[in-house]
Amino acid sequence: MTRLLGYVDPSEPHFVAAVLTIAFNPLFWNVVARWEHKTRKLSGAFGSPHLACCTLGGAILLLNVLRSHCFTQAMLSQPRMQSLDNPLAYRVGLALLGVGGVFVFSSFLALGFTGTFLGDYFGILKEARVTTFPFSVLDNPMYWGSTANYLGWAIMHASPAGLLLTTVVALTYTVAILYEEPFTAEIYRQKASQAHKRS
């Protein structure tokens, strides 16, 4: 880690922008989704929970595009690491990008659009929590797949700044998981309790 820091200028504007977008995105979607769950204001404003959820999903996608752009610009603005600048490291990075892509895409297929973009906070609940692949092999595969994508991208660019930013991504997702998991579990616990009362 100390060696990585020797390559990175954390005050460089592109790096700062990348850190801010990495930290902001999960904060944004968690605050908005919890506000919606508590007030139903977005569903009221858009006329339906599905349209409100899709609108939030669109905003999250745009924010993720911005985050990836800032991540890439931060890497390009900082020095490359000679020991990572070789064909083997590039192939390792490419493999990580592939694995991450599989986890992200298969998560999306398993959850659907509203399941991916916090539909349960809008009252759009599945019959039960998804346990098929990739959830059968990894908890929170969307987050860890995304982290693998950033790690692979950083290695392919032989970028110490990218590796450091990937650590920020992983830490941010870890905090998000600690914040989200109990809340989501409670939503489904309440659903099961209501179904039990009706039966």
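Glycine residues also receive a Cβ, built from the backbone N, Cα and C atoms like all the rest.
TrEMBL has this to say about the protein:
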BINDING   GLY98, VAL99, GLY100, GLU180, GLU181  S-adenosyl-L-methionine binding site
INTRAMEM  13-33  intramembrane segment
TOPO_DOM  1-12  topological domain 'Lumenal'
TOPO_DOM  34-45  topological domain 'Lumenal'
TOPO_DOM  67-93  topological domain 'Cytoplasmic'
TOPO_DOM  115-157  topological domain 'Lumenal'
TOPO_DOM  179-199  topological domain 'Cytoplasmic'
TRANSMEM  12-29  transmembrane segment
TRANSMEM  88-113  transmembrane segment
TRANSMEM  150-179  transmembrane segment
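Looking only at the binding-site residues GLU180, GLU181, the densest Cβ neighbourhood within 10 Å occurs at GLU180. Each of the binding-site residues GLY98, GLY100 was scored by other CB atoms within 10 A of its CB, and the lowest score goes to GLY98. Neighbours of VAL99 (S-adenosyl-L-methionine binding site), defined as other CB atoms within 10 A of its CB across all chains, total 16.
Long-range contacts of the topological domain 'Lumenal' (34-45) within its own chain (CB-CB distance under 8 A, at least 6 residues past either end) are made by residues 52, 55-56, 121-123, 183, 187.
Confidence for the topological domain 'Lumenal' (1-12), expressed as mean pLDDT, is 80. Applying DSSP to the topological domain 'Lumenal' (34-45) sorts its residues as follows: 11 helix, 0 strand, 1 coil. The record assigns GLY98, VAL99, GLY100, GLU180, GLU181 to the S-adenosyl-L-methionine site; their largest pairwise CA distance measures 26 Å. Each residue in the topological domain 'Cytoplasmic' (67-93) gets a DSSP state, and the totals come to 20 helix, 0 strand, 7 coil.
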